[in-house]
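Undergrad: Just dropping this structure here.
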C-alpha cells in the first residue's frame with residue numbers, strides 16, 4: 001500500500017490549510033492518482049485494521065440499489081448512521097443512481113446491468129462509465145457522492161477500473177474506497193469472464209481532517225505488512241447474486257485499528 005502511504009505523507013507535509021463543510025478544518029491537495037495492481041494482492045491497508053464487514057456489506061448494499069440503512073444495521077454496519085433520517089432513508093444516493101438512475105423522461109436506467117452487458121458485448125468500448133453524480137437529484141441526497149464516477153477498461157482479457165473521487169477523507173474514507181472498488185472490479189470481472197488488471201484511484205480534493213493529523217502520523221510509523229488475497233465463490237457469475245459469504249479475504253494481518261472521529 002505504498003501509494004496510499006505516500007499520499008498520507010504528502011498531504012501532511014505539503015497540503016494547504018482549508019476550511020470545509022463540516023467546520024472541522026482540513027489539510028488538502030488537489031489532483032492525486034494512485035495505481036494498484038490487483039494481481040499483486042488485494043489492496044487493503046495493513047498499517048491499521050479496517051472493518052472488512054463494513055466494506056463488503058456496503059458494496060453489496062450499493063449493488064442491490066438500496067438507499068435505506070436497515071440492511072446495514074441488520075449486519076452491524078454503522079458507517080451511514082449519521083446521515084440517515086428517522087426512517088433510515090438517505091435519499092437517492094449511490095445505490096439508486098447505480099441501479100435506478102432517473103433520466104429526463106422519468107425512465108429509470110440500470111447502469112450496472114448495462115455495464116455488465118456492454119463489457120460482454122463490446123469490451124473495447126470507451127463508454128464503460130458509471131456515474132452517481134445525478135445533478136437533478138443532488139439536493140435530495142443526504143450526502144452528495146464523494147466517489148462520483150468510475151470507468152472500466154479491458155485489455156488482454158483483464159478488467160481494470162478507474163475511480164474519480166471528487167472528495168476523499170484520506171484517513172478514514174479512502175482506505176475503504178480503495179478496497180471497495182478493488183472488490184467491485186474483481187466481482188465485475190468474474191461476472192464477465194475476465195481476469196483483473198489495475199485499480200486506478202484519482203482524487204480531486206484529497207484531504208486530512210485536522211483532528212486526524214496525529215492518527216496519520218502514528219500510521220506512518222508502522223511498517224506495512226504483506227497484502228492479503230481475495231477469494232470469490234467461483235460459482236457466482238451474476239454480479240447481483242453475490243452474498244457476504246461468497247467473499248473471503250485470506251491472510252489479512254494488519255496493525256491494530258486507530259480510532260478517529262467522523263466529520264459529519
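Start at 1 and count along the chain as shown; that gives each residue its number.
Every residue, even glycine, has its Cβ placed from backbone N, Cα and C.
Sharing the features that Swiss-Prot gives for it:
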- 21, 126, 127, 166, 167, 168, 169, 177, 207, 208, 209: dUMP binding site (BINDING)
- 51, 169, 263: (6R)-5,10-methylene-5,6,7,8-tetrahydrofolate binding site (BINDING)
- 146: active site, nucleophile (ACT_SITE)
Undergrad: Whole-number answer please: how many Å between the C-alpha atoms of residue 169 (dUMP binding site) and residue 146 (active site, nucleophile)?
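TA: Roughly 9 Å, rounded to the nearest whole number.
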Undergrad: Can you give the largest Cα to Cα distance in Å, as a whole number, for the residues 21, 126, 127, 166, 167, 168, 169, 177, 207, 208, 209 that bind dUMP in the record?
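TA: Greatest Cα-Cα span of the listed binding residues: 36 Å.
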Undergrad: Which residues in the same chain, at least 6 apart in sequence, have a Cβ under 8 Å from the Cβ of residue 127 (dUMP binding site)?
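TA: Long-range Cβ contacts: 118.
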Undergrad: Taking the Cβ of residue 209 (dUMP binding site) as reference, which residues of that chain separated by at least 6 in sequence fall under 8 Å from it?
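TA: Expected: 20, 22, 24, 25, 26, 169, 171, 260, 261, 263.
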Undergrad: Validating a neighbour-count step here. Other CB atoms within 10 A of the CB of residue 263 ((6R)-5,10-methylene-5,6,7,8-tetrahydrofolate binding site): how many?
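TA: The Cβ of residue 263 ((6R)-5,10-methylene-5,6,7,8-tetrahydrofolate binding site) has 20 Cβ neighbours within 10 Å.
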Undergrad: Return the count of C-beta atoms lying within 10 angstroms of the C-beta of residue 21 (dUMP binding site), excluding that atom itself.
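TA: Other Cβ atoms within 10 Å of residue 21 (dUMP binding site): 10.
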Undergrad: Same-chain residues six or more away whose CB lies under 8 A from the CB of residue 207 (dUMP binding site)?
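TA: 11, 15, 18, 20, 26, 27, 28, 29, 167, 168, 169, 170 - these are the non-local Cβ neighbours of residue 207 (dUMP binding site), listed in sequence order.
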